[in-house]
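Submitted below is the structure of interest, expressed as C-alpha cells.
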C-alpha cells in the first residue's frame, strides 16, 4: 500500500497546482505590490505555518482543551498570547480568530446584542465591510449608523461624530478604517463613547504594525476591545487577533470565539503569528514601521504636487493614501487594470462622497508596507509614484507603457523578495 507520505513534494505530486503556486511566486517577485492590506512575510513565518501543527486539533484554550495530546500546541499558543500582550501592552489576548472579520464578529458578540445600535465608519468614507455594510453580517445583525468624514477636509470631525452619537445613542462605537490615511484620535473616540455610555471597539487591522512599533498612537488603553488582523503592516500570517484590558470582557471574547464562532483553532497559523509577534518585538521592527510611514509620505507627496491628481485629505499619516485619478483616466477600475498590465498592483477604491459606482470608483488606494518589506526606501517610493503617473497619463501609448514595465522590472530585480 502506498502511503500519502510517499507522494513527495507538491511539484512532483501535483504539477498543475505547483505551476499556479510558482506563477504566483513569480508575480510577487516581479510586480510592485501596493495593495495596502497586503505584505510579504518572512520565511520563518511561512515555515511555521507549513509545520506539523496543521495536523493537530485543539478545541478550547491552553490548559483547558477538549482533546488530548495538546501539551505541545499549548506551548505554541501560550507563546503567541504572551508575545501579543507584550507587543501591544494589553492584559489579555485571543489569538484564535481565523481572520479580522471573525475577530470583529467575536467582539460584537462580547459587547452587544442583535439589533443594538452601533456607530461605525461608513464604508464610503473609509470604513470596512464589517463596520456595518448592509451586505455583511454586521449590517444584517446589528443596527449600524455610519459616520463620515468632513466634506471639506476629508478627515474625521470628532465634534460632528459626538453630535451624531448623542442623536443615535449607540451601544457601541467602532473606530478604525480600511481606507483612511490620517491618524485616528482614540482618546477623543473614548470620550465620545463615555459621553453617551457606549462601548468603544477599535479595529486596528491596517495600522497594527505601526501601533506595535510605537509610530502610531495605540488604542489599547482607550478601547474596551481592540481587534486586528495579523498580516498587513504587522507582517504576519493571515489571521485575527483580539485584545482587551478587561478580564470580564476577555472571558466573553474567548467564549465568543470558541465555541461561539469557531471550532478548532488553526495552531499552525497561531505558530506563525507567534513568529511574527517575535519579529515585531525586535527593535529593528520600529525602523521598518517608520520606513513605511516615510515611504508612504514620499510617494503621496509626488501625487500632491501634480495637479492632474487629487490626494484625498491632502496627505497621509500612516501606510496608505487615496488618489482621485479621474482627471487622467475615466475611473479607478481602469487605472487598476492598466497598472496591472505594467506590473504594478493596487486596487480601485471609492473616495469620500463618491459619485461613481463602487465597481468603478473615482480613486485608487496605495499602500507601502510590502515595498518597504523588500527594502525599498524614499527614493524608490518616489520613483514608483512617477511610474504610476507616467502609465496613467499615457494609458493609450503602448511604447511608454512598455518603458514603465521595464523600469518596474529593474526595481524588482534590484530589490528581490525571496530570491536572494
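Cβ coordinates are placed from backbone N, Cα and C, and glycine is handled just like the others.
When I checked Swiss-Prot for this same protein, it listed these features:
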BINDING   123, 127, 128, 129, 357, 358, 359  (6S)-5,6,7,8-tetrahydrofolate binding site
SITE      231  site 'Plays an important role in substrate specificity'
MOD_RES   232  N6-(pyridoxal phosphate)lysine
Do you know offhand how many angstrom separate residue 359 ((6S)-5,6,7,8-tetrahydrofolate binding site) and residue 232 (N6-(pyridoxal phosphate)lysine) by C-alpha?
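Approximately 23 Å lies between the Cα of residue 359 ((6S)-5,6,7,8-tetrahydrofolate binding site) and that of residue 232 (N6-(pyridoxal phosphate)lysine).
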Rounded to an integer, what is the Cα-Cα distance in Å between residue 357 ((6S)-5,6,7,8-tetrahydrofolate binding site) and residue 231 (site 'Plays an important role in substrate specificity')?
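Cα-Cα distance, residue 357 ((6S)-5,6,7,8-tetrahydrofolate binding site) to residue 231 (site 'Plays an important role in substrate specificity'): 29 Å.
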Please give me the CB contact count at 10 A for residue 128 ((6S)-5,6,7,8-tetrahydrofolate binding site), counting all chains in the structure.
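I get 24 for this one.
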Here are some binding-site residues: 123, 129. Which one has the most Cβ atoms within 10 Å of its Cβ?
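The residue with the densest Cβ neighbourhood is 123.
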Would you find the one among the binding-site residues 127, 358 whose Cβ has the most company, meaning other Cβ atoms within 10 Å?
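That would be 127, with the highest Cβ count within 10 Å.
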Across all chains shown, how many C-beta atoms besides its own are within 10 angstroms of the C-beta of residue 231 (site 'Plays an important role in substrate specificity')?
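So the Cβ neighbour count for residue 231 (site 'Plays an important role in substrate specificity') comes to 27.
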Restricting to the record's (6S)-5,6,7,8-tetrahydrofolate-binding residues (123, 127, 128, 129, 357, 358, 359), give me the longest CA-CA distance in Å as a whole number.
17
Looking only at C-alpha atoms, tell me how far residue 128 ((6S)-5,6,7,8-tetrahydrofolate binding site) is from residue 231 (site 'Plays an important role in substrate specificity'), rounded to the nearest Å.
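Cα to Cα, residue 128 ((6S)-5,6,7,8-tetrahydrofolate binding site) and residue 231 (site 'Plays an important role in substrate specificity') are separated by 16 Å.
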Long-range neighbours only, meaning 6 or more apart in sequence with Cβ under 8 Å: which ones does the residue listed as 'N6-(pyridoxal phosphate)lysine' have?
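Once residues fewer than 6 apart are set aside, the residue listed as 'N6-(pyridoxal phosphate)lysine' is near 36, 37, 38, 39, 205, 206, 208, 209, 369.
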Between residue 358 ((6S)-5,6,7,8-tetrahydrofolate binding site) and residue 231 (site 'Plays an important role in substrate specificity'), what C-alpha distance do you get in Å?
25
Reduced to three states, what secondary structure does DSSP give residue 128 ((6S)-5,6,7,8-tetrahydrofolate binding site)?
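Residue 128 ((6S)-5,6,7,8-tetrahydrofolate binding site) sits in coil per DSSP, no helix or strand.
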Calculate the distance in Å between the alpha carbons (Cα) of residue 129 ((6S)-5,6,7,8-tetrahydrofolate binding site) and residue 231 (site 'Plays an important role in substrate specificity'), and round it to a whole number.
18
Helix, strand or coil for residue 357 ((6S)-5,6,7,8-tetrahydrofolate binding site)? Use DSSP.
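Assignment for residue 357 ((6S)-5,6,7,8-tetrahydrofolate binding site) reads coil.
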Hey, how far is residue 231 (site 'Plays an important role in substrate specificity') from residue 127 ((6S)-5,6,7,8-tetrahydrofolate binding site), Cα to Cα, in Å?
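Checking the Cα atoms of residue 231 (site 'Plays an important role in substrate specificity') and residue 127 ((6S)-5,6,7,8-tetrahydrofolate binding site) gives a distance of 18 Å.
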Quick one: give me the count of other CB atoms within 10 A of the CB of residue 357 ((6S)-5,6,7,8-tetrahydrofolate binding site).
11
